[in-house]
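Worksheet: one structure, shown below.
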Amino acid sequence: MNDTVREPAGGLGVNHGPALSVVLAGGGTAGHVEPAMAVADALSVLEPNVRITALGTSRGLETRLVPARGYHLELITPVPLPRKPSGDLARLPPRVWRSVRETRAVLDLVDADVVIGFGGYVALPAYLAARGIPGLRRRIPVVIHEANARAGLANRVGLRTADRVLSAVPDSGLRGAEVVGVPVRAAITALDRMALRAEARAHFGFADDARVLLVFGGSQGAVSLNKAVSAAAAELAASGVSVLHAHGPKNVLELLAPRTPDQDDPPYVAVPYLDRMDLAYAAADLVICRSGAMTVAEVSAVGLPAIYVPLPIGNGEQRLNALPVVNAGGGMVVADADLTPALVAREVTGLLTDPPRLAAMTAAAAQVGHRDAAAQVAQAALDIARLAPSRRRAVGGRR
């Protein structure tokens, strides 16, 4: 896939002197791309001259998200990794090594000083390519970040030769990992919900003193959340609860009696997508959401109490992601099969009409949330890159 490779900022084959070159391997899903972009932003703050290259594939969200954030993207052949042993494992080696060769070309092209991997099918070839070949290719230092409570295949492989391993939670399955949380973009970590609350509620049409429930299921929404919450609309209105519901661009929300901000009843504001999550978080008192690693990280970072509804697929990672917050008292977990309109009405009304309990959950969520994870990952990578033997030899000349 070398025909997809574009010239990196700074030019090909130029002596960049002390400017560090960092490659971020975190393509595929938003759960891999967003932490990578948060770290990219932190790198740019800590080291303004840093050269950042994101590694991805043509199939992932990175083709849209990375350029939108102003970073350079290089593409390799995707190698989807099976969650469990299967016939796909037999075909994995030749497919992986093709991607490894392409990744080596990218690492050479940008003269990489360090690779930061976030797991997934882009990270595995990056880890393998960075190992080097004695006498033929220099080794490139690797920093791993694991966002999920249960480490995936790529990061388990990368662990064997990684220079530094960081994780979102304890007991991720990566030996020796330092717990730093999930890297979250600065627009969220710097959010002061109370300071922005009046503006946020006016933006969505809620009263200043409203009790607001936020509902979202990720970028594509979640059908089970949509059905359960929309069916509880009448009961929520009777309890004085306003709702901000992002149902997903591909979904249609069916409300028996839609309520808008210009009506007397508490409004039920339904939108396909929220492009200002900072305002959504600031407007809300409580959230119902999935518990992907990125979602839990953002919700806890801003100190929002949550009813987490783990996606009922995979190996149970989403439930594990939510447990640290839940165990601290900042939220609760409800199984997808148990999320009924009656449960929504009962739990939401109970929480939003009990200010002391809600305040305690808010404080607990904020206590668990990590606001400096992106800076910690970025600093770890910069420190290791500067200490690398190949980097020390390169100062003043080409490697």
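Here the Cβ of each residue, glycine as well, is placed from N, Cα and C on the backbone.
Close to Thr29 (UDP-N-acetyl-alpha-D-glucosamine binding site) in the fold, though at least 6 residues off in sequence, lie Gly60, Leu61, Gly120, each with a CB less than 8 Å from its CB. According to DSSP, Thr29 (UDP-N-acetyl-alpha-D-glucosamine binding site) is assigned to coil rather than to any helix or strand. Among the features that Swiss-Prot reports, UDP-N-acetyl-alpha-D-glucosamine binding site is placed at Thr29, Ala30, Gly31, Asn148, Arg185, Ser219, Gln318, with the record citing sequence analysis.
Counting only residues at least six positions away in the same chain, the Cβ atoms of Gly31, Gly119, Ala168, Ser172, Ala293, Glu317, Leu320, Asn321 sit under 8 Å from the Cβ of Asn148 (UDP-N-acetyl-alpha-D-glucosamine binding site). Note on the binding-site residues Ala30, Gly31, Arg185, Gln318: the fewest other CB atoms within 10 A surround the CB of Ala30.
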